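Among the features that Swiss-Prot reports, CoA binding site is placed at ARG190, GLY191, GLY192, ARG193, THR309, SER521, ARG582, with the record citing sequence analysis. Per Swiss-Prot, ATP binding site is recorded for GLY385, GLU386, PRO387, ASP409, THR410, TRP411, TRP412, GLN413, THR414, ASP498, ARG513, ARG524, and the stated evidence type is sequence analysis. Per Swiss-Prot, the feature Mg(2+) binding site maps to VAL535, HIS537, VAL540. Look at Swiss-Prot and you will find LYS607 tagged as N6-acetyllysine, backed by sequence analysis.
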Amino acid sequence: MSDKVYPVTAEWSKSAYVDAAKYKSMYESSVSEPDKFWGEHGKRIDWVKPYTKVKNTSFDPHNVSIKWFEDGVTNVSTNCIDRHLATLGDQTAIIWEGDDPNESKHITYKQLHEEVCRLANVLKSYGISKGDTVTIYLPMIPEAAYAMLACARIGAIHSIVFGGFSADSLGGRIEGCKSKLIITADEGYRGGRKVPLKVNADAAIKKVDGIVETMIVVRRTGGKVAWTEGRDVWYDEALAKASPDCPAAEMNAEDPLFILFTSGSTGAPKGVVHSTGGYLVWASMTHQYVFDYRPGEVYWCTADVGWVTGHSYIVYGPLANGATTLMFEGVPSYPTISRFWDVVDKHQVNIFYTAPTAIRSLMGAGDGPVKATSRKTLRVLGSVGEPINPEAWEWYYRVVGEERCPIVDTWWQTETGGILISPLPGATALKPGSATQPFFGVQPQVVDAAGEVLEGPCSGNLVIADSWPAQMRTLFNDHERFVQAYFSAYPGKYFTGDGCRRDEDGYYWITGRVDDVINVSGHRLGTAEVESSLVAHIKVAEAAVVGYPHDLKGQGIYAYVTLMTGIEPSEELRKELVSWVRKDIGPIASPDIVHFAPGLPKTRSGKIMRRILRKIAEKEFSALGDTSTLADPSVVDDLIRERAN
């Protein structure tokens with residue numbers, strides 16, 4: 001745990017929405033009088049028919065039910081577009097930056113309105129109506145946002161499948177929500193390479209025969225694609241014939257807005273269902289307060305819309321707030337390792353939100369590529385996706401933000417809909433590696449294995465004691481699995497699946513997934529702690545730690561280590577790293593095996609696939625499970641070869 005504290009500076013607090021005192025009073029009223037608090041803040045979005053009921057929720061395992069603003073009627077698309085037209089019609093809604101640095105475009109709110117309405121009318125012409133599901137399988141191009149908002153406009157439920165997923169994964173997700181229509185592209189671009197999309201979509205549809213009736217295809221690369229007459233439609237040709245005006249469907253607050261399939265640790269992917277009203281209130285409010293977003297600023301979240309971060313913090317939250325949001329098709333390392341910072345300068349980005357894995361890989365390339373750019377417009381930096389180790393936090397703060405930008409280290413999940421624990425720039429003193437304090441209305445608790453709520457400084461499992469507006473409502477067509485997965489371990493509480501430590505200041509430190517705990521000779525060790533220690537070593541760029549069967553200790557510690565550019569692995573360095581961790585955490589945390597790895601297996605969103613690393617450490621090479629989400633499968637082959645020898 002880092003013992004450094006960075007107090008709120010006068011610069012951060014002078015025009016922030018909340019300071020420490022206001023946070024305290026708002027938080028207290030949000031948990032003591034939720035109906036009053038959310039009754040007021042629910043009005044931040046426009047309602048066709050205002051709600052009279054605010055909160056109606058139960059975490060009782062026999063009757064899990066979550067309803068917010070349940071008698072209100074609204075539309076997400078009009079909240080993200082139409083309500084801004086009178087005052088912000090000519091303002092840029094979306095800045096799109098292509099994979100190729102020479103390709104970018106600005107889309108105003110007026111243009112966004114026209115594109116979304118045309119696509120909504122096309123969807124209707126192909127028989128899509130309120131309650132139908134539409135699968136979106138697109139690269140990071142503006143059409144992905146248009147498709148989401150067009151579905152929302154007519155009350156269709158979208159299910160986005162990340163463009164890096166295989167035909168098998170796509171087919172399973174189409175079958176999971178029975179989409180009659182899919183929107184895809186001929187191909188995508190990523191890091192200078194073409195990514196097959198229509199080929200995968202064709203293969204997926206074959207696997208789930210009889211479900212998909214229509215495939216709308218965006219021309220992205222102009223590459224040759226197979227064509228099925230009567231089913232396949234070119235996006236541009238269909239839109240050219242459609243009206244640029246489409247009335248918005250009146251949606252109940254509790255109508256589903258989207259389904260997002262997330263991998264279960266076992267079994268089929270889970271279709272997380274998010275609502276309309278509560279979700280949008282939360283996405284817009286967290287976007288404003290957590291990033292301290294101010295009108296006219298340029299906001300960039302580097303995620304993909306295929307992940308929940310892209311849903312909430314590229315599209316819905318920012319656009320509901322009338323923001324200018326940046327969509328990036330490329331990768332941080334193409335054409336050069338300074339790409340992120342070049343984009344920041346090119347588009348004068350004020351708020352930048354990315355993942356620890358990207359920060360660590362950029363840190364591995366040294367300070368030079370960052371310092372070659374200006375970044376003077378940056379005001380707030382954010383981190384999302386996994387706990388950020390203090391070493392990477394410090395680098396991000398010192399080198400990228402030049403010690404003038406607060407870092408909001410945000411903790412949340414696909415299931416939570418939006419940020420639950422995070423600093424607020426004008427209110428929260430920062431501790432590198434800590435997600436700090438809960439957002440309004442969020443009641444975290446730390447419990448022990450028996451479910452006892454722990455007070456004061458402690459370590460245990462993180463649960464949330466009561467509901468918040470953006471909480472997932474159910475798993476698609478499987479409410480029983482929803483109750484089982486999230487409410488049965490600690491009855492009456494939402495179980496996050498994450499381990500957590502709370503310090504003497506009441507700050508929360510996420511220690512990683514509960515299944516990422518190693519039991520060494522009866523001592524429970526969070527893998528995140530050992531990883532942070534390794535990454536703090538000057539020669540280490542990235543580390544992933546897993547447990548493996550050990551004759552004496554029960555479990556041993558297996559550390560995969562990627563070294564900084566230019567550093568060669570050696571037996572001396574291996575010993576040095578073992579003693580480094582031993583000195584930093586204690587003998588109990590000393591790695592038993594240090595495996596120098598040129599790369600780690602990651603999903604396209606940058607998460608390290610520890611499940612695969614565990615299997616390799618255990619030498620269970622034939623039981624790796626689903627590897628379709630890997631960004632670079634060759635990494636796994638290399639690791640297996642090295643482990644086998």
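Cβ atoms are placed via backbone N, Cα and C, with glycine included.
Scoring each of the binding-site residues (GLY191, GLY192, GLY385, PRO387) by how many neighbouring Cβ atoms lie within 10 Å, the top position goes to PRO387.
Closest in space to LYS607 (N6-acetyllysine), of the binding-site residues given as GLY191, GLY385, PRO387, ARG582, is GLY385, taking the CA atom of each residue. Between the alpha carbons (Cα) of ARG513 (ATP binding site) and ARG190 (CoA binding site) lies a span of roughly 30 Å. Other Cβ atoms within 10 Å of the Cβ of VAL540 (Mg(2+) binding site), summed over all protein chains shown, number 24. Cα separation, ARG190 (CoA binding site) to HIS537 (Mg(2+) binding site), rounded: 32 Å.
In this structure, the CA atom of GLY385 (ATP binding site) is 25 Å away from the CA atom of GLY192 (CoA binding site). Between the C-alpha atoms of THR309 (CoA binding site) and THR410 (ATP binding site), the distance comes to 11 Å.
The binding-site residues examined here are ARG513, ARG582; by Cβ neighbour count within 10 Å, the least packed of them is ARG582. Of the candidate binding-site residues, GLY192, THR410, ARG582, the one lying closest to VAL540 (Mg(2+) binding site) when CA atoms are compared is ARG582. Geometry remark: PRO387 (ATP binding site) versus ARG582 (CoA binding site), CA distance 22 Å. Neighbour density for THR414 (ATP binding site): within 10 A of its CB lie 18 other CB atoms from the protein chains shown. The record gives VAL535, HIS537, VAL540 for Mg(2+). Within 8 Å of the mean position of their Cβ atoms, the other Cβ atoms in that chain belong to GLU391, SER533, LEU534, ALA536, ILE538, LYS539, ALA541, GLU542, ALA543, VAL561, LEU577, TRP580.
DSSP assigns GLY385 (ATP binding site) to coil in the three-state reduction, placing it in neither a helix nor a strand. Counting in whole angstrom, GLY191 (CoA binding site) lies 26 from VAL535 (Mg(2+) binding site) by their C-alpha atoms. Comparing CA positions across the binding-site residues GLY192, ARG193, THR410, TRP412, THR414, the one lying closest to VAL535 (Mg(2+) binding site) turns out to be THR410.
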